[in-house]
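Asker: Handing you a structure now.
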There are 2 protein chains.
Amino acid sequence: MEPLPEVTDPRVIDGRKIAQAIEANVKNEVGRFIKEHGIKPALATILVGEHPPSKLYVKLKHWACKRVDIISEDHKFPQEAKQEEIIELIETLNRRPEIHGILVQLPLPKHIDEREVMMRIAPQKDVDGFNPLNMGKMLIGREGFVPCTPKGIVRALEEFNIDPQGMEVVVVGHSNVVGKPAAIMLLNRNATVKVCHVFTKDLKSHTKEADILIVATGVRGLIKGDMVKEGVIVFDVGITWFDEKVYGDVDFDDVLPKVKLISPVPGGVGPMTIAILMEHTLMAARLQVGD
Amino acid sequence: MEPLPEVTDPRVIDGRKIAQAIEANVKNEVGRFIKEHGIKPALATILVGEHPPSKLYVKLKHWACKRVDIISEDHKFPQEAKQEEIIELIETLNRRPEIHGILVQLPLPKHIDEREVMMRIAPQKDVDGFNPLNMGKMLIGREGFVPCTPKGIVRALEEFNIDPQGMEVVVVGHSNVVGKPAAIMLLNRNATVKVCHVFTKDLKSHTKEADILIVATGVRGLIKGDMVKEGVIVFDVGITWFDEKVYGDVDFDDVLPKVKLISPVPGGVGPMTIAILMEHTLMAARLQVGD
């Protein structure tokens, strides 16, 4: 990947800068943790198949571990791996006390039931927040391990001193990994929240209402300038690979003139998501040593 | 309580009639269950304090058990009961194999952490669907034990052959017991869903958009005729006791001329909620005998 140009436009959220600040703090805390407990936090990743973006994301996560002094363990399965093999590995990792966090890179091949796999990760090692127990705690307002991407969005809002209470949030996409948890986390912060998706009629009439627009559909360039109102804050969570480049769900150049803030793709929520994962791995390590 | 007049207006959802149909089916299935397994399904209820409406709701649940041939066990604590005492009873009930369902009547006194108590009910006995594991499964679309009131609403829609997919649902109130789960369950059915609450600005501008309006705030008469559009479907989940009578969140007479359908208070979602509870108790019994 070529390095991204520096962000100079004050409307553009520099996800890498926010991520660096989070990681600097994690690194610091990891140092203290090692001193106190004589062990390093450790993350195990599981990758199934040869999907190039997934391979890249896992690699980025290992690099982040290295930056913050977290041990990372790399587990790989071929595309045709059986569900039981993956679950067996998860159960081994659940039992190993020196592993604190377990991350299964999504999406999994179609013959595997993702929800079944996510349910098997021990809740206290579930750094991605996809175990239904952690999802349910989030739903009732006890946020512990929550999905990293929406948590990154919440963190970015805090960074800009934006309190979502009473604001109109529109989430486009109702996936279990981004759309639904983002909606819940903003609802927990007393925003008025609407969730739209592929079955929503006249999408534009909804997106135009948003004070904060979170888009996570995987449809490249779905959101155009005429679909948002002046002064909107946009989080683009979409990622489409085309010709070895990544594109978001938002037509960035078209939308930019109207925004108060926008997270670009790449360099927006991606790095923040990884930084939160580091935070969660440290949190998992603390939980397991009884801190 | 005086008996309710018979429902003759086709716009008014007769919750008691829907409940009777559900209960008739449950009774039938309970008969089969008893024949096959030689035991009856059993529900234990826990009531803390002397709040008259709560006492009434618990009584109504025991009556329903009687109607469908489910055993019910009545546990009561004084208002000043300690959280640990309640949790201790829950753990005893969790262990007793002849108890299949456990229901803690909400709200609990303020000195008790409701979420902590709900977390202690074994997920397979959690007939009210408030354990975070069951909440989380619902969030990811694996609905098992879900909160009874939103499930009753979904059932009523089915009863009238209304598919919420693509419809605009507005939920007013973001409580853990009704608002949030109702939003999730309608989202799981591909409705476009908005959640409003006490921090929402200009509530009327939102409620007027609704094809389906679900109101669960506890504010008597909050929703007036000018706050809804022609042809709306309204579910009134609010209950306010005043002068020994109950009132909903919807100003019924004012809203009625504009609705396609409306669930009244009393006689709407209340009886449906109890009927679903019976269904869940049977479901729990089946789960525990390994059916």
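Backbone N, Cα and C atoms are what each Cβ position is placed from, and that goes for glycine too.
Just so you know, TrEMBL annotations never went through curation; they're auto-generated.
Just lifted these from TrEMBL, have a look:
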| type | residues | note |
| --- | --- | --- |
| DOMAIN | B:13-128 | domain 'Tetrahydrofolate dehydrogenase/cyclohydrolase catalytic' |
| DOMAIN | B:147-287 | domain 'Tetrahydrofolate dehydrogenase/cyclohydrolase NAD(P)-binding' |
| BINDING | B:GLY173, B:HIS174, B:SER175, B:ILE239 | NADP(+) binding site |
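Would you situate these features in the structure and describe their surroundings?
Answerer: In the predicted structure, the domain 'Tetrahydrofolate dehydrogenase/cyclohydrolase catalytic' (B:13-128) carries a mean pLDDT of 97.
DSSP places the residues of the domain 'Tetrahydrofolate dehydrogenase/cyclohydrolase NAD(P)-binding' (B:147-287) in helix, strand and coil in these numbers: 56 helix, 32 strand, 53 coil.
The C-beta environment of B:HIS174 (NADP(+) binding site), restricted to residues of the same chain at least 6 apart in sequence and closer than 8 Å, consists of B:LYS180, B:ALA183, B:VAL195, B:CYS196, B:HIS197.
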Asker: If you measure Cβ to Cβ, which of the binding-site residues B:HIS174, B:SER175, B:ILE239 are under 8 Å from chain A?
Answerer: B:HIS174
Asker: Please give the greatest C-alpha separation between any two of the NADP(+)-binding residues B:GLY173, B:HIS174, B:SER175, B:ILE239, in angstrom, as a whole number.
Answerer: 15
Asker: Let me know the most crowded of the binding-site residues, choosing from B:GLY173, B:ILE239 and counting other Cβ atoms within 10 Å.
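Answerer: The largest 10 Å Cβ neighbour count belongs to B:GLY173.
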Asker: Under 8 Å between C-beta atoms and at least six apart in sequence, can you list the same-chain neighbours of B:SER175 (NADP(+) binding site), or say none if there are none?
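Answerer: Correct list: B:ALA216.
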Asker: Using DSSP, what is the helix/strand/coil residue split across the domain 'Tetrahydrofolate dehydrogenase/cyclohydrolase catalytic' (B:13-128)?
Answerer: 63 helix, 18 strand, 35 coil
